[in-house]
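Under the heading signal peptide, TrEMBL lists 1-26. The annotation transmembrane segment is assigned in TrEMBL to 229-253, 294-322, 328-352, 364-389, 395-417, 455-474, 486-512, 524-544, 556-584.
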Amino acid sequence: MKNMGDFPTFLVVALLIFSCLSYVRSDASDHRYKDGDAVPLYANKVGPFHNPSETYRYFDLPFCSPDHVTEKREALGEVLNGDRLVSAPYKLNFKEEKDSSVVCKKKLLKDEVAFFRKAVDKDYYFQMYYDDLPIWGFIGKVDKEGKTDPSEYKYFLFKHIQFDVLYNKDRVIEVNARMDPHSLVDLTEDKEVDAEFMYSAKWKETETPFEKRMDKYSMSSSLPHHLEIHWFSIINSCVTVLLLTGFLATILLRVLKNDFIKYGQDEEAADDQEETGWKYIHGDVFRFPKYKSLFAAALGSGTQLFTLTVFIFMLALVGVFYPYNRGALFTALVVIYALTSGIAGYTATSFYCQLEGNNWVRNLLLTGCLFCGPLFLTFCFLNTVAIVYSATAALPFGTIVVIVLIWTLVTSPLLVLGGIAGKNSKAEFQAPCRTTKYPREIPPLPWYRSAIPQMAMAGFLPFSAIYIELYYIFASVWGHRIYTIYSILFIVFIILLIVTAFITVALTYFQLAAEDHEWWWRSFLCGGSTGIFIYAYCLYYYYARSDMSGFMQTSFFFGYMACICYGFFLMLGTVGFRASLLFVRHIYRSIKCE
């Protein structure tokens, strides 16, 4: 194990190589076609427009299906994203126009009519991919005009789809689908209906180069009025940061300067005066916290999630997550999380050993389960719900096996290697002051200095700096809005880290000044409390800003958001503690401790 000290360096190099490799857009179609060539058209999924997690296979609805339905082989990220691509019943050969071509004639039975009517009532949409370009459309419409009683509504199914395709020389550039509003099947009554499904295709040449064909999708989030809101969000956050940091820096520097002068005088007349304030507890401030194994495991997991977030931002900023790059984000999350588990193991075990912990193996197991455990339990419950609903969000057995293999063959070994490297690092905890044998009693404190009010205060300011941007992220993750302004998101993330660090340092100082030396867990809880505020925002978003409904969608939204907010809690808690530790070391190093 002589070279284990180089392990973190090796891990960073491996991640950088992965980042470079990920930039290769493997699933971006670059096909060139001749006149009459078959261009791949896949039907993906259908589902209620307002419930993005509740999606079903395209042919779960009784559409015309081809004689041989071919399933497209999908990458891990696509399966995790709920994509299930199969060959579509339409044939759109390159530059070959179609005019009301019949796909099939079908007699819809009573139960099929009822099934379609229910889908139309829930605003079902379909999604297809033509040469890797997305196509969206609604399957039908509800006629509510002039009717107040829902029993009088009329339900119609679209039976004619019109494809408008733009091409540049030998490449497909753009595709749009329009539903013919005059070609309808009446689904209002429970009776058998004859339906003739048709499609048309129109081709038109364009000057748009192939390299810019995806710009159309990313432009929607860069429209002037959207950018104004994003920049307002950043200015709002920056003003918050400047006011906060300026205020805290002024107060803390002035107070600390006075403290240093006062304590300097105290040292000259030590026999005449009794110590007060934060110097009074110098023999207890570096006393190791309770539950040190859990504390070290939380720091390890938080450091791993912070590293994961930084690498995801790196990939986003170099353009890997372009619109409709199916599953790229999920693939990156799984692979980078697996590769960064060594960082969690190294950080947790080395810190645990610095805290004079003895059972480092148990600490390593706790680190491995601290975030993965709740995530796994949540996944098991939600995957069971998806199976009951027969939704595409239910992962196939093969995909679950792949994830388990990644966890077994990559995540766990790297976690163990990181733990061994951390144990062998032999680093000692750098405490400027000696710790006394017996802890001092903490004086009675007012209610607002207890943990929960302090957490509320610490979480509110960082949350206020990001809440405007949160709406756009939620609308992208839990809706159909496209989010591509990663540079602005990265600035907001940096602001979040700065505000979290400053507010935690300030609260730690006030805690020490009140002669309360149990600051370790408090700084972590105060730093991570923003995650609780984000989860509270989830409640507001679900009930006030979205139209999501149904048990499955509600379970997925609150279940996975609980895991994400828990991840934020660990990550920002780590940031808060590290900032406080630097501050506490600095102030106690600046005075003479007996």
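Just so you know, glycine gets a Cβ as well, placed from its N, Cα and C.
Here the transmembrane segment (455-474) has long-range neighbours at 221, 226, 229-230, 232-233, 236-237, 240-241, 244, 481, 483, 488-489, 492, 495-496, 499-500, 503-504, 507, 525-527, 529-534, 537-538, 541, 545-546, 572, 576, meaning same-chain residues at least 6 beyond its ends whose C-beta is under 8 angstroms from one of its own.
Using a cut-off of 8 Å between Cβ atoms, the transmembrane segment (229-253) and the transmembrane segment (328-352) share fewer than three residue pairs, counting only pairs 6 or more apart in sequence. Within the chain, the transmembrane segment (328-352) has long-range Cβ neighbours (under 8 A, six or more residues past its boundaries) at 7-8, 11, 14-15, 18, 22, 27, 75-77, 80-81, 292-293, 296-297, 299-301, 303-304, 307-308, 311-312, 315, 320-321, 360, 363-364, 366-368, 403, 406-407, 410-412, 414-423, 425, 427. Residues 15, 19, 22-23, 25, 214, 218, 328-329, 332-333, 336-337, 340-341, 343-349, 351-352, 355, 357, 363, 366-367, 370-371, 484, 486-487, 489-490, 493, 520-521, 524, 528, 567, 570-575, 577 of the same chain lie 6+ residues outside the transmembrane segment (294-322) yet bring a C-beta within less than 8 angstroms of a C-beta in it. When each of 364-389, 395-417, 486-512 is checked for Cβ pairs under 8 Å to the transmembrane segment (556-584), 486-512 comes out on top. Contact between the transmembrane segment (395-417) and the transmembrane segment (364-389) is supported by 3 or more Cβ pairs under 8 Å, counting only residues 6 or more apart in sequence.
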